[in-house]
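To start, the structure under review is shown below, and the notes come after it.
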Amino acid sequence: MSGAADGTVPVGEDTHQEDSGERECEQRPVHSGREATGESDPALERPDHGERHGPEPRFPSFSVRPEAAQPPPSRTIARESFLGRFITDCLKWKNDVVKIDPNICKDPFPSDDEIFGNIGSHSTLLRELHECAYRYQKAVNASHPLLQRDGSLKTLNYGVQPFIVTVYGPTGSGKSQFLRNVISSKMIDPPPETVFFVTPEKGTVTNEEKLSWEAQCAEGVYNSKCVPITKTFQPAFVNLSFSEAVDEENLSIDSPNNVFVQAAKKGPICIIIDECMNQLGACRSISSFFHALPSKIFGRFPACTGYTVLVVLHNMNPRSDRGNIKDLKIQSKCHIISPQLESQQVSRFIKNFSFGFPTPLVSVIKDIVDHAKMHSKFSWLVYCSVPVRESFRWSYYSPEDQLTPLYVDLQAVMYEACHNIRRVFCKRLYSRVSYANKRKWYD
């Protein structure tokens with residue numbers, strides 16, 4: 001009591017107060033951050049000086065307006081779309097050509113439903129098919145304005161001059177009638193006003209044949225409304241022997257007696273050499289008749305807007321030749337072949353001139369020739385080395401359908417598209433089979 005009255009604290013009490021202070025410090029938690037505080041812990045806030053502040057707003061981690069779920073990317077292609085129509089045409093073409101040669105599109109080949117249902121998942125294949133479809137449509141748009149209403153070609157040359165044509169066909173294949181049809185059907189542009197008919201001998205043309213030539217030559221200078229399309233009402237028909245045609249006077253453009261120069265001063269001319277294969281193979285070199293003379297006459301006389309040479313051969317590979325027939329083939333811008341010719345010669349020609357399109361398509365052209373040989377005796381396969389459009393390089397002539405293009409370039413595009421489809425889907429099928437085999441092995 002005396003200690004308390006004196007104002008001093010007893011030793012025991014002092015020790016108790018110190019121990020309680022230490023325990024209070026030990027029980028007080030140490031906060032390392034805002035996240036470490038609990039609900040029962042005092043808030044780590046600034047001292048309140050009488051101003052009341054609301055709690056700090058906290059934004060939710062999720063979006064207030066959640067985005068709508070996006071549908072998965074579509075793998076299908078509409079058949080009515082531009083690419084869908086192209087794929088449909090390719091598959092239809094594939095079903096037709098495999099009947100000719102199954103090696104063109106080998107099995108296994110995916111079905112139509114599988115192609116249209118899963119093609120959207122192959123971006124590289126879609127890009128390749130779009131490129132093929134673009135090239136296909138571009139070629140179609142370029143060729144369509146140059147065709148007639150029935151889809152046939154208007155002419156053989158489409159204004160290409162000078163124009164040298166070689167016709168191959170055995171005896172009895174209708175070569176003479178075909179040449180007359182070429183003149184009368186205006187298949188040479190422009191129509192000739194003078195026609196030179198060269199034979200081995202001058203008197204070998206009978207009066208009946210001469211009248212037929214004159215009548216069909218006159219038919220070729222009038223349109224369907226009987227309106228003349230040239231400066232003459234009756235084209236001149238001149239019969240020459242082979243020796244006269246290749247005479248030195250007629251091979252020199254400066255000779256005043258050159259019959260070809262005299263006719264070129266009046267208008268377009270056409271020279272037809274028929275039944276002269278033996279003379280071409282046995283005579284001296286007359287290569288200038290096929291390359292120097294046509295270009296010089298066509299370039300010197302403005303009235304001669306057309307210079308056409310039609311040469312008839314019975315055989316593609318004659319036994320004797322001094323270089324004239326070889327030069328003729330080199331200078332020829334158009335080769336017309338009868339299906340009645342020997343099959344080996346036709347096949348060799350197609351293989352030699354099939355550059356630019358896939359080799360499997362050779363069987364398609366051969367099938368056309370074989371079909372024509374069996375069903376159409378007076379039909380012809382036409383190859384043009386300088387076409388105005390690539391689609392017109394190969395064509396087919398028949399008296400019923402006239403001159404129809406084969407569109408080999410478009411078939412090459414379809415072949416490329418089918419090849420790409422098969423490559424991608426067969427690889428996918430192989431992956432599926434390989435995966436299934438591995439699962440069986442592990443199981």
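In case you wondered, yes, glycine gets a Cβ from its N, Cα and C as well.
Check Swiss-Prot against the ranges 180-190, 389-399, 433-443 and you find region 'DNA-binding' recorded for 433-443. Within its own chain, Ser176 (ATP binding site) has Glu209, Asp274 as residues 6 or more apart in sequence whose C-beta sits under 8 angstroms from its own. Mapped onto three states, the DSSP output places Ser176 (ATP binding site) in helix. Highlighted in sequence order, Ser338, Gln340 have their Cβ within 8 Å of the centre of the Cβ atoms of Gly169, Pro170, Thr171, Gly172, Ser173, Gly174, Lys175, Ser176, the residues recorded for ATP, and are not part of that set. The average pLDDT computed for the region 'DNA-binding' (433-443) is 57. Ranking the binding-site residues Gly169, Pro170, Gly172, Gly174 by the number of CB atoms within 10 A of their own CB puts Gly169 at the top.
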